[in-house]
Amino acid sequence: MFFFMFFPLQDSLRGRPKEIPHNEKLLSLKYESLDYDNIENQLFLEEERRMSYMGFRCLEISRWVVCGLIGILTGLIACFIDIVVEQLAGIKYQLIKENIEKFTETGGLSISLILWAVLNFTFVMVGAIIVAFFEPIAAGSGIPQIKCYLNGVKIPRVVRLKTLVIKVCGVICSVVGGLAVGKEGPMIHSGAVVAAGVSQGRSTSLKRDFKIFEYFRRDTEKRDFVSAGAAAGVSAAFGAPVGGVLFSLEEGASFWNQMLTWRIFFASMISTFTLNFVLSIYHSHAGDLSNPGLINFGRFEGDSVTYNLYEIPLFIAMGAIGGFLGALFNVLNYWLTIFRIRYVHRPCLQVMEAMLVAAVTATVSFTMIYFSNDCQPLGPESTEEYPLQLFCADGEYNSMATAFFNTPERSVRSLFHNQPGTYNPLTLGLFTLTYFFLACWTYGLAVSAGVFIPSLLIGAAWGRLFGILLASTSSGGAQHSNAIWADPGKYALIGAAAQLGGIVRMTLSLTVIMVEATGNVTYGLPIMLVLMTAKIVGDYFEEGLYDIHIKLQSVPFLHWEAPATSHWLTAREVMSSPVTCLNRIEKVGTIVDILSNTSTNHNGFPVVVQVLESDEPAKLCGLILRSQLIVLLKHKVFVELARSRLTRRKLQLKDFRDAYPRFPPIQSIHVSQDERECMMDLTEFMNPTPYTVPQETSLPRVFKLFRALGLRHLVVADDENRVVGLVTRKDLARYHLGKHGLEELQLAQT
């Protein structure tokens with residue numbers, strides 16, 4: 001039934017009209033672009049030319065030091081989250097277990113349900129309050145926001161210290177509160193925040209400047225370190241340093257080089273080593289480096305790692321199932337997110353929804369455990385952390401409780417490694433169905449939470465069910481055949497990879513992450529085939545979950561390639577015009593009026609020069625940014641003052657770096673009436689060599705310049721070097737969305 005539901009959707013996608021409405025308001029004005037292109041003005045070139053070879057070597061060493069610090073701090077944060085979650089969850093589950101065992105004999109299990117629900121929504125309430133009221137950007141996993149940042153979009157408050165604190169506390173509350181979430185996704189955001197702070201050598205939130213790493217106070221350098229932080233977060237979460245590097249490459253960074261690869265890999269290695277070492281001390285096994293990440297899938301050894309050639313088609317079929325279920329998950333979450341945008345936008349309503357989900361999750365879990373009669377023997381080799389006997393006989397435990405009455409990470413590990421026969425098919429089927437909808441409802445709440453572990457848990461459940469059904473249908477076959485189908489753990493692993501790939505649509509990095517997390521390369525090929533199949537099938541119906549949420553937030557995100565049908569468009573069709581230009585020597589009052597004009601909100605201004613005693617139009621001679629003009633106004637860099645104060649200190653790049661990244665608003669800068677009549681010479685501060693293209697340049701070529709060089713503005717000039725337009729990221733993002741994408745944004749914003 002679900003299969004046919006998606007065909008009308010796919011048919012509508014094929015029939016999308018090609019006309020694109022030029023509606024600026026549908027892309028949020030609160031998002032600005034980052035300046036990944038260095039402003040090579042006179043100040044910059046003079047500083048670079050003064051620096052010796054040894055100075056450049058010291059800078060390179062500083063980059064390695066910063067990456068090392070990023071790895072250490074990210075690993076320590078991961079340790080803190082893991083230890084606190086383990087302690088609080090242990091106390092909670094032990095308390096509920098004792099309460100259930102007490103009332104199972106005497107009656108009154110409703111009290112146990114109330115206790116479970118109260119504990120859950122108390123933790124979730126705290127986590128939701130600190131997110132909804134203090135730092136909303138800390139909601140979710142943070143991966144879409146970091147993807148946008150590395151793509152070149154400045155997301156407000158995404159890499160602040162306050163965001164990190166709320167993120168860490170929020171994810172602890174979410175996981176302990178029993179929601180269908182994981183703590184691994186937010187580690188990527190946490191690592192990125194750590195990188196953004198450490199690399200700047202100061203904290204603007206705490207108003208402390210340590211006077212170190214000042215050279216790195218620009219978007220170009222900060223971007224590279226944030227890439228390293230995201231990779232260190234993946235490495236700490238999964239114990240996968242190579243997977244972390246590939247994650248930054250596949251999901252985030254637009255720009256890459258060999259040295260950056262080595263530095264990011266170094267940060268990832270340091271991160272997983274720090275986590276490993278500290279947890280070995282915590283577990284009283286100092287030096288035993290067997291805890292590489294927050295989640296440990298356990299060792300796949302013996303029969304569980306064997307597979308045969310004729311199982312490959314089965315794995316591919318599981319990939320197709322995962323892709324379809326992932327697309328269904330994403331479609332349901334898409335409409336749920338639109339509902340939240342429309343009706344659940346107040347903080348108090350967001351907190352109430354999170355508490356409702358927590359209470360419903362506890363109620364559903366308790367109900368499933370209560371009515372389950374799947375009893376399994378509790379032998380000495382059992383690895384259950386909190387076995388619940390409930391109505392089972394002595395020496396047995398309720399296997400449904402193994403899935404629900406546990407942290408999601410432990411549930412995934414039990415599905416991977418528990419002995420065949422531990423779960424019956426009905427238990428796995430009911431668990432998959434209920435947890436699928438609980439996870440879908442949970443993602444998008446105003447809590448800090450990730451979708452990695454819930455996706456793995458759903459996939460592991462239906463994958464193990466697939467393996468059990470396969471073994472039962474082949475039970476009449478040969479003994480050799482039975483031996484191959486015997487272990488459902490490998491199907492749980494393949495199902496987990498298929499489900500996660502179907503939801504987030506990662507291929508290369510996720511393959512390596514799964515291989516590193518399992519500690520066995522044997523399943524490298526099946527996992528790769530499964531993830532590719534899941535992505536192909538999922539993309540046929542719907543986009544990946546992160547891409548959906550990026551689009552619904554109206555972010556001007558640029559994908560890897562320009563739209564396939566965009567070759568008939570040129571720079572003339574996408575550029576903004578007319579363009580506000582400044583003269584090379586401009587009146588201060590004019591600059592203040594332009595910057596104060598809220599209707600334009602431009603961030604880049606072409607600088608033109610008029611040929612003396614000539615009627616020819618002004619010609620382009622440079623480009624200057626709003627942030628630069630604000631610093632110049634703040635320091636009163638006026639021509640008249642420079643002439644009258646011979647001892648006045650010359651403005652340096654340090655003045656611009658000190659103001660970065662929170663440049664003051666134009667309203668905070670006082671300019672007197674007399675100063676408005678002064679003149680400002682922009683020659684020394686503008687970029688004299690901005691990238692320009694003619695009007696006839698094709699859109700794919702313009703797109704490639706933005707994506708590869710990290711441009712914020714691209715000047716469109718005619719044959720005589722006169723400015724005729726300006727292409728911005730929003731112009732390209734609007735045309736990349738197309739008519740259907742803009743209609744979806746309009747629907748979400750209505």
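Each residue, glycine too, has its Cβ placed from N, Cα and C.
Just so you know, TrEMBL annotations are computer predictions that nobody has curated.
Annotated features, as they stand in TrEMBL:
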TRANSMEM  64-85  transmembrane segment
TRANSMEM  113-134  transmembrane segment
TRANSMEM  164-182  transmembrane segment
TRANSMEM  225-248  transmembrane segment
TRANSMEM  260-282  transmembrane segment
TRANSMEM  312-336  transmembrane segment
TRANSMEM  348-371  transmembrane segment
TRANSMEM  426-446  transmembrane segment
TRANSMEM  452-471  transmembrane segment
TRANSMEM  491-515  transmembrane segment
TRANSMEM  521-541  transmembrane segment
DOMAIN    686-744  domain 'CBS'
DSSP helix/strand/coil residue counts for the domain 'CBS' (686-744): 27 helix, 15 strand, 17 coil
Cβ contacts the transmembrane segment (426-446)/the transmembrane segment (312-336), at least three under 8 Å, sequence gap 6 or more: yes
Proximity verdict for the transmembrane segment (113-134) and the transmembrane segment (312-336), three or more C-beta pairs under 8 Å: no
Contacting positions for the transmembrane segment (164-182) when only residues 6+ beyond its ends and CB under 8 Å are counted: 77, 80-81, 84-85, 88-89, 92, 116, 119-124, 126-127, 130-131, 134-135, 138-139, 142, 189-190, 193-194, 197, 295, 357-358, 361-362, 365, 407-409, 435, 438-439, 442-443, 445, 447-454, 456-457
Chain residues in Cβ proximity to the transmembrane segment (312-336) (below 8 Å; excluding those fewer than six residues from its ends, i.e. six or more beyond): 2-3, 6, 9, 436-437, 439-441, 443-444, 455, 458-459, 462-463, 466, 470, 491, 494-495, 497-505, 526, 529-545, 548, 552
Result, the transmembrane segment (348-371) in contact with the transmembrane segment (225-248) (3+ CB pairs under 8 Å): no
Chain residues outside the transmembrane segment (521-541) and at least six past its termini with a C-beta under 8 angstroms from it: 6, 9-10, 300, 305-307, 311-312, 315-316, 318-320, 322-324, 326-328, 330-331, 490, 493-494, 497-499, 501-503, 505-507, 510-511, 514-515
Contacting positions for the transmembrane segment (64-85) when only residues 6+ beyond its ends and CB under 8 Å are counted: 164, 168, 171-172, 175-176, 183, 187, 190-191, 194-195, 198-199, 213, 216, 225, 228-229, 232-233, 235-237, 263-264, 266-275, 278-279, 282, 294, 407
Local confidence of the domain 'CBS' (686-744) - pLDDT mean: 81
